[in-house]
Structure formats: C-alpha cells, structure tokens
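Peer 1: After the structure tokens below, expect a handful of questions from me.
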Amino acid sequence: MATFSDHETSEFLPMTRPRSTSSASQTSSDSGLSSEPAFQEDQKQPFSAPNGTTGMDNGDRYRDLEDGEAEANEPFLASSKKAATGGRARRIFWLLVLLCFGGWLLAFVLFLTGGRANYQSASDALQAQEPESASGSTSSGKPVTLEQVLTGQWSPRYHAITWVAGPNDEDGLLVEKGGGEQEGYLRVDDIQSRKNKDGKGGRVLMRKPIVHVDGKLVVPGNAWPSPDLKKVLLISDQEKNWRHSFTGKYWVLDVESQTAQPLDPSLPDGRVQLALWSPKSDAVIFVRENDVYLRKLSSDRVVTVTKDGGENLFYGVPDWVYEEEVISGRSVTWWSNDAKYVAFFRTNESAVSDFPVDYFLSRPSGKKPDPGLENYPEVRQIKYPKAGASNPVVDLQFYDVEKNEVFSVDVADDFDNDDRIIIEVVWASEGKVLVRSTNRESDILKVFLIDTKSRTGRVVRTEDVASLDGGWVEPSQSTRFIPADPSNGRPDDGYIDTVPYKGYDHLAYFSPLDSPKGVMLTSGDWEVVDAPAAVDLQRGLVYFVAAKEAPTERHIYRVQLDGSNMTAITDTSKPGYFGVSFSHGAGYALLTYNGPSVPWQAIINTHGDEITFEERIEENPQLTSMIEAYALPTEIYQNVTVDGFTLQVVERRPPHFNPAKKYPVLFYLYGGPGSQTVDRKFSIDFQSYVASSLGYIVVTVDGRGTGHIGRKARCIVRGNLGFYEARDQIATAKIWAAKSYVDESRMAIWGWSFGGFMTLKTLELDAGETFQYGMAVAPVTDWRFYDSIYSERYMHTPQHNPSGYANSTITDMAALTHPVRFLVMHGTADDNVHLQNTLVLTDKLDLSNVKNYDLHFFPDSDHSIFFHNAHAMVYDRLSSWLVNAFNGEWHRIAHPVPGESMWTRFKRSLPVLV
C-alpha cells in the first residue's frame with residue numbers, strides 16, 4: 001500500500017474502514033489495559049441523545065431545567081370565585097388546608113432535591129440513555145463495555161513458543177507448554193513432530209507443572225531449558241521489583257530423573273535476581289543481593305565471583321535508570337559464545353541521590369514494623385538520578401571462568417566516567433566483544449572492539465549524530481554478530497547495525513569488525529524497526545521488520561548481505577502489522593499477524609524462495625464471534641499536514657455515525673520521542689469503549705517527534721519537548737473543530753505519562769481556544785524532575801539547555817484558567833514519574849488562584865496505577881469525568897447561578913391563596 005500523500009485541495013486523504021470480522025485495528029497506550037473489574041454492563045446503550053448531542057440545543061447545552069422550576073412562581077391552587085359559607089365552606093377550607101400542606105410538602109421535597117448539579121457517573125448516564133437510531137454505519141449489536149476492556153475480553157490470544165537450538169545445532173526446534181493431546185507440561189518439538197496428532201516425536205522436559213524438592217512442593221512460574229535440553233532452570237515465589245526486574249527462588253530440574261535441587265544448595269531459600277545458562281549447559285551464572293555467583297553443575301559448590309555488591313554497587317543487574325531507560329530489561333550479564341568468559345556491568349551508584357517513595361498502606365520490603373511504628377508509612381529510598389544530577393558510573397567487567405578471575409579493559413574513549421552510557425554488549429568470536437556506548441546526552445556513539453585474550457581494546461567507529469541532524473542515539477539491543485565463512489563469501493567476522501542514512505534509520509553491514517564504514521543493506525524514505533530480526537548464515541539472508549509501506553504498518557522483508565534482492569515475505573498489497581520470531585537457523589519462523597483484522601499466528605518455512613505455511617496455530621475465533629455481536633467504532637486512517645510535515649491520524653467514529661449530527665471529540669495522545677500510537681494493530685481499548693458506548697468521536701494524531709516518520713520530523717523536538725508536539729495537536733484539533741459533524745464547544749484531550757505532560761502542555765498553549773477539557777494521568781510537569789538518561793537524551797542537560805527546560809515546564813497558570821476544567825490523577829508511589837510533578841503543579845495552581853481543576857490520588861500505586869482496584873477506578877474516573885464534561889456539568893460549575901436563601905426559596909414554594 002502506498003503512503004498517503006498531500007493533495008492540493010485537501011489537508012488529508014482519508015481511507016475509511018468500518019469494523020467487521022475482516023478488519024479491526026488498534027492503538028497502544030503508555031498506561032495499558034489489564035485485568036480489573038469495572039462498572040459497565042453489556043446491555044448499556046451508546047451514550048448519545050437522539051440528536052447526536054446531549055439532547056439540548058445550543059442555548060441550553062450547559063443548563064438543565066431544575067426540578068419544578070417552571071412552576072415555582074405560579075400559585076399551586078388559585079380561583080377567581082369566593083368561597084361558600086357553612087358546611088361547604090368548611091369542606092373547602094379543610095380541602096385547601098390539605099392541599100396547602102401537600103403543596104408545602106412537595107415544595108420542601110423539591111427544595112431538598114432540586115437545582116443541584118448532580119455528579120453523574122458514566123454508568124448512570126448510560127442507563128438513562130435511549131439507543132440512537134442506526135445510521136452512518138452498518139455495525140450492529142451491543143456497545144463495548146469498559147469492564148470487557150479492563151478484563152482483557154477483547155485481547156487477542158497469542159501462542160507462547162520459544163525457539164531453541166538443538167544440541168547438535170538443529171534448526172526448527174521450539175519449546176512450548178503441552179496441552180490437549182500433547183504429552184507433558186513442558187516439551188520440545190520440531191516442526192515435523194508437531195504434525196503428529198498423537199503428540200509423539202517431541203521430547204518432554206517437564207512431565208508435571210509442579211516439582212518436589214526435598215519433600216517440598218515447588219510450583220514454578222517460569223522455565224528455561226539448558227542448551228543441551230538435559231536440564232531446566234525453574235523459578236518460584238517470584239516477586240516484582242521494577243518494571244522488568246524480579247526476584248525468586250531458582251531450582252535446577254534434571255529432565256531424565258524429573259528431580260530438582262536448589263540452584264544454590266547451601267542457600268535454598270535465597271532470593272536470586274538473575275540466572276543464565278552457560279552455552280555449554282554445564283554451569284549457571286546468577287546474581288544474588290547484587291553480587292555475581294557461578295554454580296558448576298558438576299558439584300554443589302557455588303563460586304563467588306564478586307564480593308562487594310550491595311546498596312551502592314550492582315553487579316550483573318541494572319540499577320533503576322538503566323533498567324528503565326537503557327536496557328529495557330533485567331540483565332546486564334552476557335556469556336561468551338564459547339562459555340569461557342562472562343561479561344557484566346559494575347554499576348556504582350555512590351554519587352546518585354536517593355528519592356523517597358512513601359507507602360501508606362503496603363510494605364514492599366515485606367518487613368514487619370517495629371512495635372510502635374505500625375502507623376508510620378514505609379519509605380523506600382530509590383537511587384534516582386534526575387536531569388543534571390550525578391549519574392551512576394557503569395564499567396564493563398569480565399570473568400575468566402577457567403582462571404576464576406575478574407578483570408576490566410581500559411579503552412580511551414574521551415568519555416568521562418559519569419559521561420558514558422553503555423547501551424549494548426555483543427560477543428563476537430575468539431573472545432572478542434563489541435561494545436556500543438554514548439555520551440551522557442546520547443548524541444555521540446562510539447563502538448569499541450575489545451579482545452579479552454589480550455585484554456586490549458580500541459574505538460573502531462564513531463558517529464556524531466548531533467552534527468549529522470541534531471538528533472540522538474536511541475538505545476537498542478539488536479546488533480547482530482556475523483561470523484566469518486569464506487566458503488559463503490564472508491572472509492572476516494562482521495556485524496549488522498542500525499544507522500542513520502539519508503534521514504532514515506537503515507541497516508548496515510560492517511566487516512571486518514573494526515571497519516568504520518558499513519555496506520548499506522537498506523535505503524529509502526522509510527525505516528527499519530528493531531532490526532535485524534534474524535540472519536540465515538547459510539544463504540546470506542538478513543530478515544528484518546520495517547515500516548516501508550506506511551508508517552502505521554509493519555511487514556517482514558529479507559535482503560542479501562550485499563544489499564541486493566530485497567523482497568517482502570508478507571503480503572504488502574493490503575494493510576498489515578506483522579511481528580516475527582525466527583528459529584535458531586532462520587529456516588522457520590513464528591509469524592504473528594497483529595492487525596488490522598483479527599490477529600492470527602502461523603509457523604512458516606523460510607528455507608526456499610517461496611514462503612510456505614507449516615501450521616496455523618492461532619486464529620482467535622472468539623474475537624471473530626465478539627465482533628459480530630458488538631457495535632464497534634469505524635476507524636478512518638488519514639494524514640494531516642502541519643508546517644509541511646505529514647502526520648498520521650486515526651479517527652474512531654461511533655457506531656451508527658450520522659454526519660448530520662454534532663459529536664463531542666476526545667483527542668487521545670502519547671507523543672513521546674520515537675513512540676507510535678497510530679498503527680494498524682487490532683485493538684479494542686479504552687478509546688474504542690469511548691466511541692462505542694459513550695458515542696463520542698476519538699481522534700489520535702502522532703505529531704512531530706514520534707517514530708517511523710523520518711529523522712527530520714523526529715529530531716526537530718530535541719531540546720524543547722512539548723513545543724512542536726502541542727502545536728500539532730492543536731492544529732489537528734482545529735481541523736476537526738471545523739468539520740460539520742463536530743461540536744467544537746465540546747472537545748477534550750487526554751493522555752498518560754508523557755501523554756499526561758502533553759495534555760497539560762497542549763492546554764497551556766491552547767488556553768481554551770480549541771480544547772475545553774483535559775485529563776492528565778501521571779504527568780511530567782517539569783523535565784528537571786524526571787530521570788537524567790531520558791530527559792537529557794531529548795533535552796540535553798539543564799546546565800546545557802536551561803531555556804529549553806524552562807520552556808517545557810508547565811508554568812503558564814493563567815492559560816490554564818481558560819479551559820472549562822481539567823483533571824489530574826497520579827499514583828502516590830510512582831517510582832517513574834514522581835508525585836513531585838503533580839504536587840509542584842498543584843502549588844503553582846494554588847499560588848495563582850486557579851480553581852477549574854480536579855485532583856485524584858491513588859495511594860501506593862506506581863506508574864501503572866493498579867494498587868487496591870486503582871486500575872479500574874482510574875478508567876472509571878476518566879469515563880465519568882468525560883461524561884460530565886460533555887454533558888455540561890463542569891460548565892455549570894464554572895458559571896454558577898447565584899443561589900437564593902433558604903427562607904426566600906421556601907416562601908417561593910408556598911401556594912398563593914386567592
């Protein structure tokens with residue numbers, strides 16, 4: 001599919017696609033949607049009055065009629081005739097008395113209940129709505145409920161398999177959990193044995209999902225087979241640490257005997273942070289309490305590799321900021337291919353300041369407080385380097401397994417210790433290792449080649465990205481080592497890396513290892529994504545994922561190592577968003593179709609020139625059935641042009657969309673550098689719920705700074721986060737406000753994390769001109785409060801760029817008085833975007849006497865907001881708050897009518913006797 005282009009007479013070219021069993025799509029959010037109960041039921045109707053608004057004309061949009069108000073100044077019972085005398089008069093008199101009493105009682109009830117601004121929850125509003133007539137869309141069925149979204153009922157099923165190399169380097173082996181007719185709990189199959197319906201032909205690694213160790217029942221939560229498939233490393237009692245890291249108790253299962261023993265027999269209950277198999281299957285390197293240990297399976301003895309790990313020194317595992325911003329994982333330990341060496345990080349946090357996180361209800365340490373301290377919160381001190389503050393000092397160390405010796409290799413790189421960020425380590429052959437590192441501001445990349453045998457190293461490649469295009473180096477761990485093979489035309493070792501090339505990210509092949517210039521494998525006005533995916537060394541083929549057909553799509557391609565014969569292996573004639581994982585030799589792959597239609601998975605054979613399907617392993621029939629039963633939004637993908645930049649947009653229209661109506665519009669955004677929210681994945685998420693059940697239009701635009709639209713559009717935001725991104729949101733909102741079917745007086749914007757920052761920044765810049773409402777969850781409000789590695793990558797240091805930090809901070813409180821109202825929510829135990837951001841903003845609002853906002857805090861919740869039903873509550877609050885915004889509740893609060901005294905109102909309620 002060709003990329004949309006601009007048109008002389010239109011600012012965008014739409015491509016309309018209603019939801020059906022053959023097509024659906026997805027956006028992703030920094031916050032995510034997960035299993036939590038919510039309030040809404042399936043039978044609720046879309047929240048939309050018959051005329052497409054709230055049921056009020058323009059004059060009454062923000063003012064409901066108070067109960068009884070129309071009759072308040074009229075006599076309850078009046079007559080122009082005089083009362084008769086005698087018995088008739090007495091009867092009339094008592095009748096009047098009764099009527100007066102009844103009128104007074106009714107007036108009193110109306111006084112107690114009438115005229116108040118009723119805060120209306122989304123569920124209450126939905127119950128009160130009449131279903132709108134079907135028009136504009138052929139979709140039929142029930143609306144999507146928030147409960148369905150939060151509990152994952154709309155989430156596709158994906159088959160979990162792991163490719164492994166066989167003991168004799170066989171290709172096409174995979175590890176998966178058994179089920180159905182397949183024998184065993186954990187098993188290894190090759191592609192051919194999977195075709196046997198009786199399950200025979202594979203190898204069972206674990207017969208049961210539980211194991212017994214010295215009479216103790218162990219229920220493993222995860223398993224890692226050894227390379228020779230004779231043993232399995234198990235983890236139990238797993239506890240989360242940060243986003244990626246966790247600890248647990250580790251066990252080693254012998255496949256033949258189905259017996260297990262502790263990883264460290266001398267300390268069976270010790271909590272381990274990381275454990276990795278040796279490539280020879282004869283040892284496990286592991287980390288406990290920030291020190292590295294080696295267990296050789298030939299004995300029960302554990303070798304201590306490092307001894308001084310602790311609160312300020314981390315060995316083999318990342319600290320908070322490296323886990324979050326550099327590695328995006330829990331391991332900084334790497335075995336050499338020949339199992340002779342282990343490389344690992346030594347992280348010194350002595351100079352990094354602590355940030356306290358209070359826990360008022362829970363105790364993450366698991367420790368019982370001392371007597372008398374039960375009512376004090378637990379305080380967790382986190383080593384958290386903020387922008388401009390001291391960074392952790394990270395060194396790469398090596399362990400010689402045979403000599404039982406730890407050493408380091410000094411390389412002159414012109415980076416000071418606190419000005420170096422190591423972003424990737426890749427073992428080559430014969431004890432050589434490639435190390436990619438950047439300066440603190442992530443705009444100079446240096447590649448080192450270290451020889452562990454001679455214990456020497458040197459810089460072999462330098463890229464000054466700041467001078468190239470003013471951009472930055474995004475950390476990644478996708479560099480691929482290519483061993484020499486003269487018989488296949490590769491006389492020297494080499495590697496494949498992603499490099500900037502003519503304004504886009506592309507693949508280059510560097511050979512030999514110390515080559516400063518690579519052979520370009522890809523080129524063009526499009527970008528590769530997390531590439532390469534795999535390399536077929538026998539055929540000299542490089543497989544990769546790219547956004548070539550459109551920024552919103554992902555297809556799989558392959559190219560020769562000399563850059564020739566690039567071809568797609570997925571169908572590029574229609575929109576698609578594919579993912580892939582390859583077998584050890586790249587002869588097979590698990591192909592995952594993520595959308596826009598219902599996702600499916602298949603194992604494919606890539607040995608020949610033609611790709612063949614071996615087995616379709618997942619088709620998600622339950623989603624196909626649900627799509628037929630529910631009224632889903634129509635999604636329209638299009639482009640807008642802002643300041644000459646083409647931006648991707650998706651508009652979600654409610655079922656039965658009627659262009660003659662006026663609809664409220666919610667903008668949803670994330671907008672962080674290199675991110676993407678507008679894509680062709682299948683998803684029924686919170687935005688889908690808003691369109692389907694509440695009847696609002698939802699628009700998402702990926703503005704400047706986001707990913708896969710070229711480096712020029714991406715790098716322009718550097719040093720001034722929020723400046724261009726907010727303008728793109730406002731410019732797009734103005735385009736929508738001018739549409740005939742949009743109610744320009746009811747437009748809102750919301751986002752989480754960076755999206756929360758963008759919500760506030762957009763409201764600040766817009767000053768109520770376009771957006772009347774906003775909802776910000778866990779927002780950054782000052783980039784000096786965020787971590788150093790992320791902030792400085794996109795903003796430089798505060799010392800280097802003080803004006804940029806000042807401009808990016810939410811400071812214009814006067815501008816924030818112009819929207820009708822905005823909402824800010826935050827978890828009090830957010831270790832990522834600290835509560836400090838919202839508290840400092842609140843203080844600024846107080847000092848400026850700003851009142852048009854609401855706050856909601858979630859005790860003990862971190863950045864994902866999950867603690868004690870918080871995840872359900874945060875989305876319920878978003879939904880309810882939005883309903884009240886578009887129903888005019890917040891406008892009534894902002895423009896209150898002066899109230900009457902109780903006595904005046906009581907007198908008005910009395911009947912007038914004539």
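Just so you know, glycine gets a Cβ as well, placed from its N, Cα and C.
Taken from Swiss-Prot, the feature compositional bias 'Basic and acidic residues' applies to 1-10. Look at Swiss-Prot and you will find 20-35 tagged as compositional bias 'Low complexity'. The compositional bias 'Polar residues' annotation in Swiss-Prot covers 45-56. The feature topological domain 'Vacuolar' is assigned by Swiss-Prot to 113-914. Positions annotated as N-linked glycosylation site by Swiss-Prot, on the basis of sequence analysis: ASN348, ASN565, ASN639, ASN807. Annotation comment: Swiss-Prot describes SER753, ASP830, HIS863 as active site, charge relay system, evidence class similarity to another entry.
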Peer 1: Neighbour count, 10 Å Cβ-Cβ cut-off, for ASN348 (N-linked glycosylation site): what number do you get?
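Peer 2: Other Cβ atoms within 10 Å of ASN348 (N-linked glycosylation site): 16.
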Peer 1: Here the recorded positions are SER753, ASN807; which one has the lowest number of other Cβ atoms no more than 10 Å from its Cβ?
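Peer 2: Result for the recorded positions SER753, ASN807: minimum number of other Cβ atoms within 10 Å at ASN807.
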Peer 1: So what sits near HIS863 (active site, charge relay system) in its own chain, CB-to-CB under 8 Å and at least six residues off in sequence?
Peer 2: SER753, ALA778, GLY827, ASP830, ASP831, ASN832, VAL833
Peer 1: Summarise the model confidence on the topological domain 'Vacuolar' (113-914) as a single mean pLDDT, whole number.
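Peer 2: That region's mean pLDDT is 92.
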Peer 1: Please report the distance from the Cα of ASN348 (N-linked glycosylation site) to the Cα of ASN639 (N-linked glycosylation site), rounded to the nearest angstrom.
Peer 2: 47
Peer 1: Just how many other Cβ atoms lie inside 10 Å of the Cβ on ASN639 (N-linked glycosylation site)?
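Peer 2: The answer is 23 other Cβ atoms.
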Peer 1: Let me check the 10 A CB neighbour count of ASN565 (N-linked glycosylation site). How many other CB atoms are there?
Peer 2: 9
Peer 1: Just the number: how many Å between the Cα atoms of ASN639 (N-linked glycosylation site) and ASN807 (N-linked glycosylation site)?
Peer 2: 29
Peer 1: DSSP three-state call for ASN639 (N-linked glycosylation site): helix, strand or coil?
Peer 2: strand
Peer 1: Can you tell me the three-state DSSP label for SER753 (active site, charge relay system)?
Peer 2: coil
Peer 1: Rounded to the nearest Å, what's the C-alpha distance separating ASN565 (N-linked glycosylation site) and ASN807 (N-linked glycosylation site)? Just drop the number here, would you?
Peer 2: 48
